[in-house]
Amino acid sequence: MATNFTQELYEIGPMAYPLKMISKDVAEHMLGWNIPEEHQDLVHDHWRNFPAVSKYWHYVLALIYTMLMVTSLTGNGIVIWIFSTSKSLRSASNMFVINLAVFDLMMMLEMPLLIMNSFYQRLVGYQLGCDVYAVLGSLSGIGGAITNAVIAFDRYKTISSPLDGRINTVQAGLLIAFTWFWALPFTILPAFRIWGRFVPEGFLTTCSFDYFTEDQDTEVFVACIFVWSYCIPMALICYFYSQLFGAVRLHERMLQEQAKKMNVKSLASNKEDNSRSVEIRIAKVAFTIFFLFICAWTPYAFVTMTGAFGDRTLLTPIATMIPAVCCKVVSCIDPWVYAINHPRYRAELQKRLPWMGVREQDPDAVSTTTSVATAGFQPPAAEA
């Protein structure tokens, strides 16, 4: 079979299979050749049409994931440490930031498994190893998606209704519990074979839910998880951010019109301006993370929908591994987005880890100084 495939490849030419990799030392094997007979049902027939990937590609992938793991553990670890121990950051809104960092760290727990699989060039633990890997990925991926939606809701409430719209600690705790419950159904159901199942994909060193089996049950499962874990969070995020930006524009327009009527430059005090500026910067951080979420998960959503309903010939091993890497990259970038843009987080970083070279003035100190200066200023008395 391998000889016929190689001969066909040479006859048709390299352009017909641009993403299929053949190495001399594995040309006689096809994907799944090193999985024992009793576990062969794990591998879908689609993957058996591709030659086994060179061991060097496995090593490159292991190196990439090692770097991602170190970056994510460092960044998310610092986020959880600073947000959970800093008095200035101990707010209901920042509980969602910690929750997102926990989901990101959970995704990184997959990395040791994948690195080990890459060196063995197969799944270690077979079905059990596949289930553990996929459960971690499902919980963290779906949980992170809905947490982004909750953060968008919180930013909208905080900025559009700063006096009575802020979420309190109890409400934040309930919303965090909701994110975990939201991630459970499509993690538990395939893990226990109640609906769907977890199977290897790509290089057969990673696992996800089955989107290749040709039956109605699998197709309905793929459609439902697509709506549940991608479409609904995306719709909520888009709605809340559109409402947020609309509220900001309306507020600015009202202030400008009122100031024009009163023949003054601005109705907002310096303290209000500073406070609002901080909140808007935080909203920009949240929106940036949402954008990263789209970049990370849209390619993988395309892969799964193509596998279930589209042209499967597009899904070569490397074509499915690239979106999988993108999903892991975003969990590494999230904490550094906060380091770049979140004013109070940057101020705490400067205090605790000065060697990182962060330069940020404490927003609360700026507001206090501005208020004192404004209160202490007295206009000169009019001459008699």
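Placed from the backbone N, Cα and C atoms, the Cβ positions cover glycine too.
Swiss-Prot records a disulfide bond between CYS207 and CYS130, which is the match among CYS130, CYS231, CYS238, CYS295. Per Swiss-Prot, VAL43 and THR213 occupy the same side of the membrane [matching topological domain names]. For the recorded site, CYS130 (disulfide bond), the DSSP three-state label reads helix. For CYS130 (disulfide bond), applying a Cβ distance below 8 Å and a minimum sequence separation of six or more within one chain yields LEU42, LEU123, PHE198, VAL199, PRO200, CYS207. Only pairs six or more apart in sequence are counted, and the transmembrane segment (63-83) with the transmembrane segment (285-305) gives fewer than three Cβ pairs under 8 Å, not enough to call it a contact.
Its Cβ placed at the centre, CYS207 (disulfide bond) has 29 other Cβ atoms within 10 Å.
DSSP assignment over the topological domain 'Cytoplasmic' (84-94) gives 8 helix, 0 strand, 3 coil.
The listed stretches are 133-153, 172-192, 313-333; of these, 133-153 has the most Cβ pairs under 8 Å to the transmembrane segment (220-240). Proximity of distant same-chain residues to the topological domain 'Cytoplasmic' (84-94), defined by a Cβ-Cβ separation under 8 Å and at least 6 residues beyond the stretch ends, is recorded for 154-155, 158, 166-169, 171-172, 282, 344-345, 347-348, 362, 364.
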